[in-house]
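Noted in TrEMBL for the protein shown:
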type	residues	note
DOMAIN	4-99	domain 'Ig-like'
DOMAIN	123-210	domain 'Ig-like'
DOMAIN	215-300	domain 'Ig-like'
DOMAIN	315-408	domain 'Fibronectin type-III'
DOMAIN	414-504	domain 'Fibronectin type-III'
DOMAIN	509-602	domain 'Fibronectin type-III'
REGION	589-615	region 'Disordered'
DOMAIN	609-703	domain 'Fibronectin type-III'
DOMAIN	710-804	domain 'Fibronectin type-III'
DOMAIN	809-906	domain 'Fibronectin type-III'
REGION	903-929	region 'Disordered'
TRANSMEM	936-959	transmembrane segment
REGION	964-1055	region 'Disordered'
COMPBIAS	976-998	compositional bias 'Basic and acidic residues'
COMPBIAS	999-1035	compositional bias 'Polar residues'
Amino acid sequence: DGSLRFVLEPQDAVTVRGGVLQLDCEARSDQGVPVISWKKDGVLLSAVVDERRQLLSNGSLLVQNVLHSRHHRPDEGSYQCLATLEGLGAIVSRTARVTVAGKSSPRPMYLTLSLSCGSPSGPLRVVVPTESVSAHLGDTALLRCEVTGEPMPVVRWQKNREDLTLTFDPDSRVVILNLLISSVTDDDSGTYTCVAHNKQQNISASCQLSVLVPPQFLSYPSNTYAYESTDIEMECAVTGNPQPTVRWVKNGEAVIPSDYFQIVEGGHLQILGLVRSDEGFYQCIAESEAGNSQAMAQLILLQPVSPSSGVLPSAPRDVAPVLVSSRFVRLGWRPPEETRGTVLTYTVFFSEEGINRERSVNVTEAEGLQLTVSNLRPEATYSFRVVAYNEQGPGESSEAIRLSTQPEILVPGPVENLRAEAASASSIQASWDPPSHTSGPVQSYRLLWTETSTGKEQNVEVVGQSYRMEGLKKFTEYSLRVLAVNRHGPGLSDKDMLITTLSDVPSASPQNISLEVVYSRSIKVSWQPPPANTQNGFITGYKIRHRKTGRRGEQEAIEPNNLWYLFTGLEKGSQYSFQVAAMTVNGSGPSSEWHTAETPENDLDETQVPNQPSSLHVRPLPNSIIMSWTPPLNPNILVRGYIIGYGVGSPYAETVRVDSKQRYFSIENLEPSSHYVISLKAFNNAGEGVPLYESAVTRSMSDTSTPMIPPVGVQAVALTSDSVRVSWADNSIPKNQKSSEVRYYSVKWKTSHSTSGKYKVNTTLSHTVTGLKPNTMYEFSVMVTKGRKSSTWSMTAHATTYEAAPSSAPKDLTVIGREGRPRAILISWQPPLEANGRITGYILYYTLDKNMPIDDWVMEPISGDRLTHQVMDLSLDTVYYFRIQAKNAKGVGPLSEPVQYRTAKGERPHLRSSPPPIGQMRPPHGSVTPQKNSNLLVIIVVSVGAVTVVVVVIVALICTRRSSAQQRNAGKRKGSQKDLRPPDLWIHHEEMELKNMEKPSSSAPSGRESPNQSCQEIAPVSHSQSESQMANVSRLQGHAHQDDDSHGLSAQQHT
């Protein structure tokens, strides 16, 4: 068989933005090598339009660097492969759907039935979310029934009102019955009912399960050989659920039904009066929501044998009409004058005036000299001629005669009172009354309905006077007409009736959903309506659900008019997911997949223009220059797009604007062998940034040297916090063929903020880069080298390594005192140099003994957005040690080095709790006032001053002697200290001294020193202050000190 056929057809594919898409297609024929081309969304693709697309030698279509943005989706859609063979025709492949960003496979369908009652005697209530579900052939269907009640109901399942055997635990308070049907078949379709009953009530809920069966062929079209002017019928019978629709394609173009091309008996193609242009490849395509399938056959018109005229019959004689009616003509003739053998048959050729297509009819008996030509139109003019055939072939044709059919008089008139109404979203009920003029008994009625948008017509013979048309498209306009049929044929019809099926919820989700982070607290969601044939009604609005990652519950918003919605008031630095569903008056359709975006920690700066793009690469071709670039280094300045300028000798002759997410552009329609200067600059609302310049000379048309093609489809995927896997494809290697020369691939990588990169050379099509920094964005590019030839660097790919625990401690840890608050300190620090992720918190440690294990230090957690912290209620004149560490989502980092700090020595004198110094006692009531006894006051002051000087000298001597003694007896100091009893003027705590901390001797303020205290400073504090200090000491050292209650009086009371 030398017909044209597909060996490999494109399959549905899911790809990602920036990735590589390859659709395979291969066709064969014994009569030559087919030429492969591609269609996208019904339009022929051309490799000249977009250099990313390449037609490989084996027919496959390769698309590099797949594009997908909010307003630009050039690579997503429906693809078909077109195989053309010169002189034979063309065939088209199945339709392959390409989706960018991916959609998950169909999920199991669920039915949830909840039965509950408000009180033991209350009625059962049923809530059924859906009444019908669908499952694809071979999928798993899960129907769920949940029942509660008092007393506990008994539950059973039924299919088509017949009980199914199921088991469950009768002692459970809540019964959940899952009806799981694995690998569903068409026989599993039906109505499933969950029946629950108890002593109070019997109740049930039903669900219609439809199994979607892809189209399957019952009979295939076969190759057909015929002569011009004959009629043929190509078979095509299909089945499936739902019932597939059938359409025919000739040489890749749709066959439109007409008087000479008719789809009969549901799928057969009937061609009347073949002409030479009808030759070619015909494909029967069956489609339904369960899938599509196709079969192909070739129509070949045979060339009639033309032997010498001496062996063929002459023309039949005296061709004349015997009977002319409104819908048929009976012709008669006499045999040829010279038969030149035995006449085997006669053929009558006829054609309608004004139509360039001739049909033919053969006589059933060779000796018959009459033939009735039927199925003509009333009041139409036809041309008839007759040809005789003998053993050698057809002879001469008779002279053509012109005849006009009669007006319609014998067929029935139009039916009366044609009525039609939409019974559902997929059916129409039609009824009518018989015609007033029948011209004999009406044998049947022919109901014809046409989908007005496509012109596709279907018909059915009806015996009665009503009919229900099923399987129609939802919310679609149809044109109806009814013809009464008697023995003379179908009658006349009045004007057609237009009727539209009812609307329904959309059967598909909105398309091309995109998220745009507008500000740190706002995300804009945009979408396109569902495909027109899935809207099933007028779209009244869209329902947008959103949820925050990690938080339970969803929120809904309704957008009635626009194709976008702006969510405001979101949390900074948070991840949100969105899905959109279209709505009609019937309700909401299926929701889209969840799409996720993350709000930034802070808004990007737009008060200044963007920086210069960090790199620009150009690759010249004879008529174009391909350029690629990387964004500015500063990621905190908002970039709204790029301005590309180019020209011969000037970079501003032509300018083009592209959006901020684009990283490449192809400048087309350039002159060969010309020097072009190219500029690239980023812009935002503040203005245009500094341009980056590059120059290139387009290649000459005579330049036959083939440059090395850079690797394509470079992808970078983070593996760990310090490694990224880079892979690519090399299109310069013939497919399924090993290269004869060794190729070396150089992989270059650098951070987005660095100007120099690192290199690695290997011979495979992938490489794992290690030793990277955590939580850092890197850009990668690849170059291929073969012998002395090297390609340019490829398009860059970006990847961000995973987070890791901080690898360095916070820096610049500083401790300062608070003025006027000696027991409080303020601690400040800077984030670690190697945070390796977003800092979520800090942990501050402090202690009195820096040699203690870190677990015994006091620990205080601090939020990650703070760089200062205040510690309160510390002991006076005490040395503390401080350390700090940072943490992120992956763990905690190392501790900083200890920082030492000594608190202030004492409280301020103006504190209310301090007693008045000795020698400054208040005079008692009734004493002589200074105003009356000034002289006496002077004498007393001088005396007191003299005594004070003497006391200070004595105390100094005693301190000097005892200091020496204490140094010699340092081990006995604590024991002797406990035996001391201060004068009643002071508040005394027996174990006030801090263990493990020896305070150096120092002079007390004037008037607060007592010789009996060994010159050791005892702070005059109130009882409440002492308790606070003691609590803090207990917390630090792990043991408590007891107060001496017998001396718990204030200094004022002692005075």
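Note: Cβ is positioned from N, Cα and C throughout, glycine not excepted.
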(request) Taking helix as H, G and I and strand as E and B in DSSP, count the residues of the domain 'Ig-like' (215-300) in helix, strand and coil. (result) 3 helix, 51 strand, 32 coil
(request) Test the contact criterion for the domain 'Ig-like' (4-99) and the domain 'Fibronectin type-III' (315-408): 3 or more CB pairs under 8 Å, pairs 6 or more apart in sequence, then answer yes or no. (result) no
(message) As a quick check of your reading of DSSP, tell me how many residues in the domain 'Fibronectin type-III' (414-504) are helical, how many are strand and how many are coil.
(response) 0 helix, 51 strand, 40 coil
(request) For the domain 'Fibronectin type-III' (609-703), provide the mean pLDDT of the predicted model. (result) 88
(request) Sort the residues of the domain 'Fibronectin type-III' (609-703) into helix, strand and coil with DSSP and give the three counts. (result) 0 helix, 53 strand, 42 coil
(message) DSSP on the domain 'Fibronectin type-III' (315-408): how many residues come out helix, how many strand, how many coil?
(response) 0 helix, 49 strand, 45 coil
